[in-house]
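This report refers to the structure that appears directly beneath it.
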Amino acid sequence: MNVEVQYDDSKSKDDCTEMCNKTADTEPLQKEGNAESEVEPKDSRRLITQILLTAIVTIVTASAGMPIGYSAILLPQLKSMNGSLQVDDEMGSWIVSVHSAASPIGALLSGTLMDYFGRKMTLQLCCIPLIAGWIVIMSSHNHALILVGRILAGTAVGVVAAPCQVYIAEMSDPNLRGMFSSIPFASYSFGILLVYMLGTAANWRMVAGICMVLPAMSMILFCCLPESPAWLVKKGRIEKATRSYHWVNGGSTAKVKREIQQLVTRVENEGAQSKATQRSLWRTFLSSNVLKPFIIVNIFGLFQSLTGVYVIVFYAVEIISTMQNSGLNEFHAATLTAGVRFIAAIAASVLLVLTGRRAIALLSTIGTALSALCLSIFLQTDFSNSTYLILSLLIFYVAANTIGLMILPGVLVGELFPLKVRGIAGSLSFTIINLTMFSFAKIFPFMKSLIGIGNCFLFFGVTSIAGSIFLYATLPETKNQTLNDIEDYFMQENLLWITRNRRRRNGASKTQTSKV
């Protein structure tokens, strides 16, 4: 794939580079005084702007979480009613899984949309089909319209995933990137929790109407945010990139100039390399710094589905109803698991600041394995009637898989891929992950009826053990590493993290601060 800097029509390549130097000198980026001062902005100012940016992104990701959890409250209501909208298990599985079948469509589109319109604009555009989907569902009078609404919402959710991770990763400080990149998953979880809570008190049509509020709000608030400097530089819009970088990070004129020039240089080098080698998209993906992270992210995503992370979201009420017979309200129990998921997602955001990605991944997979295996044993013994013991294990299972298995694949999409393919590689990864999610969601009712819910959790536990082994061997540690550092790591010959070259340049990781 040819990756070149796109310059304004009226400017040559040399003029554009020169403009980068002039812009940093002439922009009113700081108060009057020494233009080349190295005085840096207060950390609190930079932190507040990045928190504000992330908070607005979380509104659209919360909107995306609501259709994910909606099936859990929709199916029981449709199954309990009479008339043309009553569903059986077959139609119910389609209503659940068609959302994940449509998400790859949006994920495929997101790469093109990100590269053409930008990260921010793509997140605004995805709200349109999401709102349209809720309108169709709310006004549905047959199964076909419900499926159409689910397809529209699923497509929008597929579009959201990659640009929100790329946008936050490109706008955040390296030491805060992990926390900010994980917060959208906390808001996904909050969206699921919110729709569960609404489902306990309102009819499914009313819930669909309420769900339109957040995406409409996010479309308006995104107008307050700048576009990613990395994307702007890639398009040759140096002046806008400079203003965007300063809005997010502040800094002296000299510092802003250095950072933007680093972006310009990297993009120009990538463009020159691609032009010299005439690489096709296929050959680009076969390069080591693209293929290796692509394999890691997508196998991680496979384990995410096979360990039941999203099955428990899609079928929460039905699964809980088969696990206990004490008369405990399934909707309330499902809402409890959603609340635990939300709290665990927030905890994961904190952990990503305090500890490395590898530790979180292993904690999650091992915790998921232990809780799933215990659930399998207790569900098939005399303990199966111990409702609160089973519910406690289920809560631990949800918390464990949320902390790493649910959150980390998306975080890694924003961190592991090089700039030249970050958009398309991210969209393809989310496409594959969503196809896996669709397949498993579709077959789960058949799997549950064939082997029983206890053996389903046995399967989740075994795959969690396999996932922990894979992640221990391959997952790189990216905490506090710049995106350039991560890209350079994948240029090494090793495939496994445990066989990496441990020699490091003294101080390299400390002196690099670019967020390319």
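Numbering starts at 1 and runs along the chain as displayed.
Each Cβ is built from the backbone N, Cα and C atoms, and glycine gets one as well.
What TrEMBL records for 1-42 is region 'Disordered'. According to TrEMBL, the feature compositional bias 'Basic and acidic residues' maps to 24-42. Residues or ranges marked as transmembrane segment by TrEMBL: 51-73, 121-138, 144-168, 180-198, 293-316, 336-354, 361-381, 387-412, 424-444, 450-473. Per TrEMBL, domain 'Major facilitator superfamily (MFS) profile' is recorded for 53-479.
Count of Cβ pairs under 8 Å against the transmembrane segment (336-354): among 51-73, 121-138, 293-316, 361-381, 450-473, the largest is for 293-316. Residues 1, 93-94, 96-98, 100-101, 103-104, 107-112, 114-115, 158, 161-163, 165-166, 281, 285, 290, 293-294, 297-298, 301-302, 304-306, 310-311, 314-315, 409, 413-414, 417, 456 of the same chain sit 6 or more residues outside the transmembrane segment (424-444) yet have a Cβ under 8 Å from a Cβ within it. Counted over residue pairs separated by six or more positions, the transmembrane segment (180-198) shares at least 3 Cβ pairs under 8 angstroms with the transmembrane segment (144-168), which defines the two as touching. At the 8 Å Cβ threshold, with sequence separation of at least 6, the transmembrane segment (51-73) lacks contact with the transmembrane segment (361-381), having fewer than 3 such pairs.
Remote same-chain residues near the transmembrane segment (121-138) are listed as 57, 60, 63-64, 67, 106, 110, 113-114, 145-146, 148-157, 159-160, 163-164, 167, 205, 208-209, 211-212, 215-216, 218-219, 222-223, 227 (criterion: CB distance under 8 Å, separation of at least six residues from the stretch ends).
The transmembrane segment (361-381) shares the most Cβ pairs under 8 Å with 450-473, out of the stretches 144-168, 387-412, 450-473.
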